[in-house]
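A quick write-up on the structure given underneath.
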Amino acid sequence: MEKLLERVNHILEALPYITKYSGKTVVIKYGGAAMAKADLKESFAKDIVLLKYVGIHPVIVHGGGPEINRLLDSLKIPTEFIHGHRVTDTQTMEVVEMVLTGKVNKQIVSMINSQGGKAVGISGKDGNLAKAVKAPIEIELEGKAKQLFDVGLVGRIESINPEILHNLQKEGFIPVISPVAESVEGDSLNINADTFAGEIAGALKAEKLILLTDTEGILIDGKLATGLSRGKMKEYIRKGEISGGMIPKVECCLAAIDQGVNRTHIIDGRVSHSILIEIFTNQGIGSLIES
């Protein structure tokens, strides 16, 4: 009986959060280990379906880099890199779009639907969801100032038209978005999935933006940091305490906050049911950044 009561108490712990977030939108960037391991994929799909059933509106933006690499290798398409950044020419972009929109996106949709959800897969091109422009990559070379490099059909979001997302949500669907957008010239552009998720969250005025990563969260001096303000994050970046691949994730969170998103989270996607732990428990998981 005690074990049963303990389970009931765990369920009741979620009640105030269900009440608080019911009817609200949560944008989730799905990538990393959570997309690679079978048990984590299943727990992710169950988390998303449960959110929908308790009245929360999840919107998913996904990555898919490893799948792109595998297909490029199998097709023997040569890849040029500039200081570690892939140059995306027309042939490479065709593969990127094929993998992200045609394969990975549909796998995620099927995964969610198999758990009882109603997911619909789209890209930034559908319903004029996103318009983008080509964007060079800023790279800081050792001992030199930052420089801009043209890496091809890689873009940044210029505008989001969330009408298609509102319509899908109204009909009870779960949008699953691949990070491909169209330029005004009609070119397909590959968009960083974290950045895309942040822009979607801002356009929807989401309650939360959650980035699933392959780390515990933001580590300062080797310790997990949470309850972080915008100003504190800027300070950490300026001092070099946040560096490398974590910087664009943090900047994406800050941009979302500037657009009206209440809370942003960088959490460990390697932990089973990390989304539910973050949303429905008192302790949460990972790093919280808020205004």
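Here the Cβ of each residue, glycine as well, is placed from N, Cα and C on the backbone.
Copied from Swiss-Prot, the annotated features are:
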type	residues	note
SITE	K29	site 'Transition state stabilizer'
BINDING	G64, G65, R86, N190	substrate binding site
SITE	K249	site 'Transition state stabilizer'
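Taking Cβ-Cβ distances under 8 Å and a sequence separation of 6 or more, the neighbours of N190 (substrate binding site) in its chain are T88, M93, V96, E97, L100, L153, V154, G155, P179, V180. Spanning the residues G64, G65, R86, N190 that the record associates with binding substrate, the maximal Cα-Cα distance equals 14 Å.
Here the recorded positions are K29, R86, K249, and the one with the most other Cβ atoms within 10 Å of its Cβ is K29. Neighbour density at the Cβ, taken as the number of other Cβ atoms within 10 Å, is lowest among the binding-site residues G64, G65 for G65. Excluding G64, G65, R86, N190, which define the substrate site, the same chain contributes G63, I68, N69, T88, V96, V99, L100 within 8 Å (Cβ to the Cβ centroid), listed in sequence order.
Taken residue by residue with DSSP, K249 (site 'Transition state stabilizer') is part of a helix.
In this structure, the CA atom of K29 (site 'Transition state stabilizer') is 11 Å away from the CA atom of G64 (substrate binding site).
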